[in-house]
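Trainee: The structure follows.
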Amino acid sequence: MVENMRINNEKISSLQFLMILCGSVIGVSILDFPRIAMEQVGSDSWVLILIGTIIMYLVGICIFKVLDKYKGHNFFQILSAILSKPLSVVICILFSLHLMFMSAIQIRIFTEVTREYLLYNTPSEVIIISMLLTIIFLIRNGIEVIGRMAQITFPVVSVLILILLIPVIKEMDITNILPVLHTPIETIVKAIPSAIFVFAGIEVTFLLSYFVVDKDRLRKKYNISLLIIGCIYLIILVFTISRFGIMEGKRIIWPVLELFKTIDIPGSFIENVEILMISIWIVAVFISASVWYYGAMRLIRLIWHEKGAKYLLVPIGAVIYILANYFRNVSEIMDILNKYLMTVGMFFVIGLPVILIIGDSIKKRGGSSHD
């Protein structure tokens with residue numbers, strides 16, 4: 001009976017997959033992407049979201065072409081079939097380290113924002129450890145628990161964000177997003193990595209797909225998640241630019257938090273709306289950090305053939321704790337995150353799916369020639 005419960009905890013629906021994916025991606029860069037986009041392409045920042053969505057749709061074609069061919073196989077088995085087992089071990093280890101790093105970055109950003117707006121005198125170490133312990137408690141029960149949490153919280157978070165944005169409408173100056181399409185093509189091309197930065201976290205699709213029960217709906221849910229993510233970022237971006245303008249928006253570290261800080265709801269019992277926004281954002285952070293933590297553990301489990309899985313939670317948490325405490329300040333965190341996602345992150349988001357689809361094609365041709 002215990003074994004059956006464990007197996008059930010390793011299954012999610014395609015809807016839960018969608019919610020986990022949206023939560024994982026949005027939790028990464030929603031606070032500072034408007035600033036990054038405005039620094040690079042000004043009022044044409046919305047173009048980056050459009051380009052990023054299209055690119056990730058094309059990446060999705062590669063991902064699902066591989067997944068459709070290797071149905072019922074986990075990520076390690078797919079890598080071994082297309083590449084080789086030794087190379088698969090290396091990629092899984094690197095992927096696991098990547099997810100640990102992403103989780104550490106997210107938890108550290110969460111810590112900095114929490115200390116600045118909520119827990120002013122609380123040591124960073126206490127906040128980080130508290131977050132890690134909460135995540136461990138969640139993921140020890142399997143991916144199904146994460147799926148349920150995402151299914152409940154993400155729709156609520158999305159609706160609350162849209163409701164909180166309503167009072168900002170009266171303070172918007174829509175002329176701030178003008179002129180449209182005035183940025184040189186060369187500048188937009190150079191900013192494409194930032195467009196992909198929006199979708200950092202979507203690489204967990206390879207890992208999550210194995211647990212989805214109704215796999216025939218997986219591709220559709222993936223595409224829907226791209227639309228949801230793109231729309232949320234687009235709405236946040238338009239509101240931020242319209243409210244602050246390009247020049248002021250580029251100088252604000254967390255423009256989205258400042259956007260909600262300007263909200264004044266007459267007669268409201270909520271004194272500081274940005275505190276409510278942070279509370280909502282914490283949920284998204286928790287989902288994304290939990291998924292990456294679980295993904296890192298899952299990859300190591302695949303290499304070890306599921307042996308000693310329950311003993312991995314604490315060691316992985318220790319690695320994440322060390323990484324999260326490595327950074328000195330917010331500026332260093334954001335600088336390292338941007339550089340990392342533009343290089344290493346780019347490999348796992350785009351490079352790996354492309355390598356797998358090319359490798360599978362070469363293997364297929366080689367097999368045909370041999371026959």
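Backbone N, Cα and C atoms are what each Cβ position is placed from, and that goes for glycine too.
TrEMBL labels come from automatic prediction, so no person has curated them.
Marked as transmembrane segment by TrEMBL: 12-33, 45-67, 87-111, 117-139, 151-169, 189-212, 224-246, 275-296, 308-328, 340-359.
I'd like these features described in context: how deep, what's nearby, how far apart.
Mentor: Among residues of the same chain six or more beyond the transmembrane segment (87-111), those with a C-beta under 8 A of the stretch's C-beta atoms are 27-28, 31, 75-76, 79-80, 124, 127-128, 131-132, 200-201, 203-204, 282, 285, 288-289, 292-293, 295-296, 299-300, 302-303, 316, 319-321, 323-327, 330, 333, 336-337, 340, 344-345, 348, 352.
Long-range contacts of the transmembrane segment (117-139) within its own chain (CB-CB distance under 8 A, at least 6 residues past either end) are made by residues 107-108, 110-111, 145-146, 149, 257, 274-275, 278, 286, 289-290, 293-294, 297, 313-314, 317, 320-321, 324-325.
A Cβ distance under 8 Å defines the sequence-distant neighbours of the transmembrane segment (151-169), meaning residues of its chain 6+ beyond its ends; these are 15-16, 19, 22-23, 228, 232, 235-236, 239, 243, 259-260, 262-265, 273, 276-277, 280, 283-284, 287.
Note on the transmembrane segment (189-212): residues 10-14, 17, 20-21, 24-25, 27-29, 33, 36-37, 40-41, 48-49, 51-53, 55-56, 59-60, 63, 67, 73-75, 78, 95, 99, 102, 143-144, 218, 222, 225-226, 229-230, 233, 288, 291-292, 295, 298-299, 338, 341-342, 345-346, 348-350, 352-353 of its chain, located 6 or more positions outside it, place their CB under 8 angstroms from a CB of the stretch.
Residues 18, 21-22, 25-26, 30, 33-34, 37-38, 42-43, 45-46, 49-50, 52-53, 56-57, 60, 158, 161-162, 165, 168, 171-174, 176-177, 198-199, 202, 252, 255-256, 258-259, 262 of the same chain lie 6 or more positions beyond the ends of the transmembrane segment (224-246) yet place their CB under 8 Å from a CB of it.
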Trainee: Give residue numbers and ranges for long-range contacts of the transmembrane segment (275-296): same chain, 6 or more residues beyond its ends, CB-CB under 8 A.
Mentor: 20, 23-28, 30-31, 95-97, 99-100, 102-103, 106-107, 109-110, 113-114, 117-118, 131, 134-136, 138-139, 143, 146, 149-150, 153-154, 157, 160-161, 164, 201, 204, 207-208, 256-257, 260, 316-317, 320
Trainee: For the transmembrane segment (308-328), find every same-chain residue at least 6 residues outside the stretch whose CB is under 8 Å from a CB in it, and list them.
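Mentor: Same-chain contacts beyond the ends: 100-101, 103-105, 107-108, 111, 124-125, 128-129, 132, 135-136, 139-140, 293, 296-297, 300-301, 336.
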